Amino acid sequence: MEPTLKNILENPSLKWIFVGGKGGVGKTTTSSSLATLFAKSGKKTIIISTDPAHNLSDCFDQKIGGQPILIKGIDNLSAMEIDPTVDPDKLKLPTLQGFMNDQATKSLLSELISSVPGIDEAMSFAELMNSVDEMKYDLIIFDTAPTGHTLRLLNFPNIMEKGLNKLVQLRYNFQNLASQFQGLFGSQEEFDQQMNQMFSKIETMKDTVTKVNAQMKDKNKTTFIGVCIPEFLSMYETERLVQELTKFKIDIHNIVINQVLFPDDQCKMCNARAKMQKKYLDQMIDLYDDFHVVIMPLQENEVRGIDGLKQFCELLLKPKTVPQV
C-alpha cells in the first residue's frame, strides 16, 4: 500500500481522526501537520490536544488554551488544549447544581456519583465530544496522550454504560434509605422528583456517549493513526495499540514512523543507528503489510512554527522506502 497519508486526505467522509502512540515519538508534529494539510484543502478543521503535557502551543508557536483559537497564518484551522481528566468539582456533572437545596442531600449524591470509578472522566469526555460536535467543524483531529491514557479515553463509552448501570442500582438503595429519613431529605415525592431529574440528565449524557461511540466505530467517519519510532519499545506499544483498537472496533490502517536515519558516509554513529533501526523497520513493514506505513526521516531542526510544519507536511505525502544500510 502507498507509504503516504494521501489516503486520509482523499477520504471525504472522515469526521474524527485520532493520532497516538508512545510518548516522545512525534505525535503532536504529525497531527499538527495533518491538520494543516486538511485546512489547506479547504476543510474547516480543529485540532484538540488531550495530552495533559500539551505541546500544541509550542508546535504552532502560538498560545493555545481551553477554548478554540484560530491558528495564525493558516486559514480554516483552529486549535485547543483540554484536560479530559477534569477535577470533578469543576465538572458540570448532571447531578447536584440546581436540584438540591439541602447540603446533606448534595453530599450524599456526590458520594453516589464518585463511587463509580471513571464516571467523572467519562462524562467529561462526553461533554467534550458533544460540544465539539456542536461547533460544526468539517474535521476534528485529536492529538492524544501516550498509549495507555489514550486507550482508556477510547474506552470511556464502555465505562459510562457500566457506571450508569451501577448508579441505577445505587439509586434504588438510596431511595430506600431516603424513605427511612424523610426529615433529612424532605418528602418522598420531592426526593423522587429530584432523583428523576438527575437521572434524566445522566441518560441524556449516555445518549451523547452512545452516539459518539457509534461514530468512533464507523470506519467511514473515524480512523486512528499510529505514530512510532523504529525502536523496540515503540514498536511494541504500536502493536499493543493496534490490537486494542481492533478490539474496540476502531479503524486503524495508517502508521507513521518518525526519526528514521538514512546512511551517511561521514557519520559512523548515524550508520550504526541506521543499521539498528533497519531491523525494526523491516519487521514493521512485514507486520503491517496491509497498512499505509509512512517513513519520515529524522529532521535536522526542531519542527516548530508554520514554516517547519509545512515542510513536514510535504514529507507526509512523499513516499519513502526503508533505507538500505
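Glycine residues also receive a Cβ, built from the backbone N, Cα and C atoms like all the rest.
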Kindly point out which candidate in Glu2, Glu231, Glu244 is recorded by Swiss-Prot as part of the ATP site with Lys22, Gly23, Gly24, Val25, Gly26, Lys27, Thr28, Thr29, Asn258.
Glu231
For a quick check of understanding: among the recorded positions Asp51, Glu231, which residue's Cβ has the most other Cβ atoms within 10 Å?
Asp51
Restricting the comparison to the recorded positions Asp51, Cys267, Cys270, which residue's C-alpha is spatially nearest the C-alpha of Lys22 (ATP binding site)?
Asp51
Separation of alpha carbons, Cys270 (Zn(2+) binding site) and Gly24 (ATP binding site) (Å):
20
Show which residues of the chain containing Cys270 (Zn(2+) binding site), separated from it by at least 6 in sequence, have their CB under 8 Å from its CB.
Leu261, Pro263, Asp264
Roughly how many Å lie between the Cα atoms of Asp51 (active site) and Thr28 (ATP binding site), rounded to a whole value?
10
Provide the number of Cβ atoms within 10 Å of the Cβ of Lys22 (ATP binding site), excluding the reference atom itself.
22
